[in-house]
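Accompanying notes for the structure given below.
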Amino acid sequence: MVSILSNIGMMVVTFKRPSLFTSLRRRSANNIIITKHSHPISTTRRSGNYKPTMWDFQFIQSLHNPYEGDKYMKRLNKLKKEVKKMMMTVEGSHDEELEKLELIDNLERLGVSYHFKDEIMQIMRSINININIAPPDSLYTTALKFRLLRQHGFHISQDILNDFKDENGNLKQSICKDTKDILNSSKDEHDNLKQSTCNNTKGLLKLYEASFLSIENESFLRNTTKSTLAHLMRYVDQNRCGEEDNMIVELVVHALELPRHWMVPRLETRWYISIYERMSNANPLLLELAKLDFNIVQATHQQDLRILSRWWKNTGLAEKLPFSRDILVENMFWAVGALFEPQHSYFRRLITKVIVFISIIDDIYDVYGTLDELELFTLAIQRWDTKAMEQLPDYMKVCYLALINIINEVAYEVLKNHDINVLPYLTKSWADLCKSYLQEAKWYHNGYKPNLEEYMDNARISIGVPMVLVHSLFLVTNQITKEALDSLTNYPDIIRWSATIFRLNDDLGTSSDELKRGDVSKSIQCYMNEKGASEEEAIEHIEFLIQETWEAMNTAQSKNSPLSETFIEVAKNITKASHFMYLHSDVKSSISKILFEPIIISNVAFALK
C-alpha cells in the first residue's frame with residue numbers, strides 16, 4: 001500500500017508481486033522508505049521470512065537410489081523387448097482396434113510410452129488411415145480414438161463424434177441422462193447401477209477428457225465439457241456401483257480434479273501406477289515395466305539434483321543473498337515437469353540454473369530492492385556488460401555477475417553444439433523480464449490500476465515463462481532454423497499462450513489475504529475494477545480465459561510450426577505444471593513422491609535372480 005507521510009516528506013512504499021515459480025507464497029509486505037525525489041533516506045529491508053528448505057545440501061547429497069545399478073537396467077531392457085513383441089502382435093490385428101487404443105493409453109499413463117514412440121506412431125497412423133472405413137464404435141472407443149489421434153498430431157475432425165449428437169448439435173440426452181433417470185431406471189436387482197450405466201460413464205469420462213483437446217470454433221466439444229462434467233459429478237455423488245466400479249469413481253474424481261490434458265505427466269504416472277495395479281485386467285508385464293522405469297528415472301533425477309546441489313553450494317549465493325528463498329528442489333521440479341525422460345538431464349540441469357536466478361531476481365524486485373536499485377539493475381541487465389556493475393549495490397553485483405556467467409554458459413553450449421550465437425536472444429528475454437518487473441513496481445508505486453488487457457500485456461512477460469521457454473528452445477532443439485529464430489522477436493503464439501495460462505493460474509492461486517497484505521492487483525482485481533464485477537464473476541471469467549487460451553494453444557499446435565516437437569512439448573508441460581503448482585495444496589508431498597520416494601516392487605528381487 002502507499003501512504004503519504006506529509007509531515008516528513010516521505011512515502012512508505014509496499015510492493016509485492018508474484019512471478020514464475022513462486023509456489024511458496026509470500027506472507028508479508030515490503031516496506032521501502034524513500035523520499036519524494038526517490039533518493040533513499042533510510043531503508044528498512046527485510047528477509048521474506050522464508051522457512052529453511054526441508055531438502056538441504058546434506059539431505060540431497062545423502063540420497064542413495066539402488067535403481068542406478070546395471071542389473072535393473074538389464075531387467076528394464078528385457079521388459080521393453082517383451083512389450084515391443086506384444087505391440088507387434090497387437091499391431092498385426094485388424095479386428096481389435098480398442099485393444100490397440102487402450103494399450104497406447106496405458107503406456108502413456110504409466111509413463112513408459114517414450115520407450116515405444118515409433119511403435120505407437122505406427123499404430124496410430126494405421127488407425128488414422130482406416131478411420132473412414134471403420135464400423136461405428138461405442139462412445140468409449142470413439143472418444144478415446146479422437147483424443148489419442150489429436151494428442152499425436154493427427155488432424156482429426158470433431159465430426160467423428162457426430163453419431164453422439166442430437167439434431168441441435170448437442171450431446172444426445174440418451175447418453176447423458178439426468179439424475180432422476182439414473183436413479184429410477186438404471187438400477188439392477190441389487191439396487192446398484194446397472195453395468196450398462198457404469199460403462200456409459202466410462203464413455204462419458206473419455207469424452208470429457210477428449211473435450212479438452214478442442215481447438216478454436218469447436219462449440220460442440222466446448223459444450224460437451226459442460227454436459228459431461230454435470231453427469232460425472234452426479235455419478236460421483238451417487239457412488240452406488242459395486243466394488244469393481246469404485247475404480248471408476250476414483251478415475252472420475254481424479255479427472256474432475258484436473259483434466260488429463262492439463263495434468264503434469266510425471267504426477268499422472270505416479271498416481272496411475274497405484275490405480276492400474278488394482279485393476280482386474282492389469283497386464284503384469286506393463287505394471288512391472290512402469291514401476292521399474294519410474295524408479296530408474298527417479299534415480300536419474302536424483303543424480304541431476306546432487307549435481308545441482310553442489311553447484312548451488314559452490315556459488316555461495318545462499319550466504320550472500322540471505323533474503324532470497326532456498327528452493328532448489330522446487331525449482332528443479334519445474335524442469336522435471338517440463339521433460340522427465342532420463343536422456344534430458346542436460347536440459348534439466350541448465351534450465352534449473354536459469355529458474356534459480358528467476359527466483360533470486362524475483363526476490364530482489366519483490367522483497368529487498370529499493371525502487372532506485374531496481375531501476376539501476378534493470379538498466380544493467382539491458383546493457384549486459386560487467387562494467388554496468390559499477391553503479392549497483394554490492395548484493396546486486398554478486399547476483400548480476402553470477403547471472404551473466406550462467407547465461408553465457410548456456411550461450412556457449414548452444415554455440416558449441418549448433419554454431420549459432422544465441423546470446424542476443426537470451427539477454428533480450430532477461431531484459432524483457434526485468435523491464436516487466438520494474439513496470440509493475442512503478443504501477444504500484446504510482447497507485448496506477450491497469451485494465452485487464454494492459455495488465456496481461458505486461459504480466460505474461462513478468463510471469464517468466466517467455467524467458468524460460470526461449471532458453472528451453474535452444475537447449476532441446478537439434479536443428480535451430482532461421483525461421484525459429486525470427487519467431488522469437490515478438491514471441492511465437494505457443495509461448496504467449498503458455499505464459500497467459502501460467503499467469504492466470506498464478507493469479508487464481510493468489511489469496512485475498514495476500515492482497516490485503518500488499519500484493520499488487522491481479523487479473524481478477526483488474527477485471528473487477530474494469531467491469532464492476534463481483535469476485536465470483538471475475539474468477540469465472542478468468543477460468544473461461546484459461547480454457548479459451550488452451551483452445552488457442554491446441555490450435556497453434558495443430559498448425560505447421562518452425563519450432564521443434566520437443567520444444568512444443570516443453571511449452572505444454574510447463575503450462576500443465578502451473579495448474580498443479582499454483583492450485584493444489586500438497587505440492588511438497590507430490591515433489592517427494594516424484595523425486596525421493598521409489599515405488600515398491602514386490603517381485604523385482606525374484607525377477608533379477
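In case you wondered, yes, glycine gets a Cβ from its N, Cα and C as well.
According to Swiss-Prot, the protein carries these features:
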BINDING   Arg325, Asp362, Asp366, Arg503, Asp506  (2E)-geranyl diphosphate binding site
BINDING   Asp362, Asp366  Mg(2+) 2 binding site
BINDING   Asp362, Asp366  Mg(2+) 1 binding site
BINDING   Asp506, Thr510, Glu514  Mg(2+) 3 binding site
MOTIF     362-366  motif 'DDXXD motif'
TRANSIT   1-42  transit peptide
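Mean predicted confidence for the motif 'DDXXD motif' (362-366): the pLDDT average there is 90.
Asp506 ((2E)-geranyl diphosphate binding site) counts 26 other C-beta atoms within 10 Å of its own C-beta, drawing on all protein chains shown.
Using a 10 Å Cβ-Cβ cutoff, Thr510 (Mg(2+) 3 binding site) registers 21 neighbours.
According to DSSP, the secondary structure content of the motif 'DDXXD motif' (362-366) in residues is 5 helix, 0 strand, 0 coil.
Most other Cβ atoms within 10 A: among the binding-site residues Asp362, Asp366, that distinction falls to Asp366.
Following the DSSP three-state reduction, the secondary structure of Arg503 ((2E)-geranyl diphosphate binding site) is helix. Per-site Cβ counts within 10 Å over the binding-site residues Arg325, Arg503 peak at Arg503. Under the DSSP three-state reduction, Thr510 (Mg(2+) 3 binding site) is assigned to coil, being neither helix nor strand.
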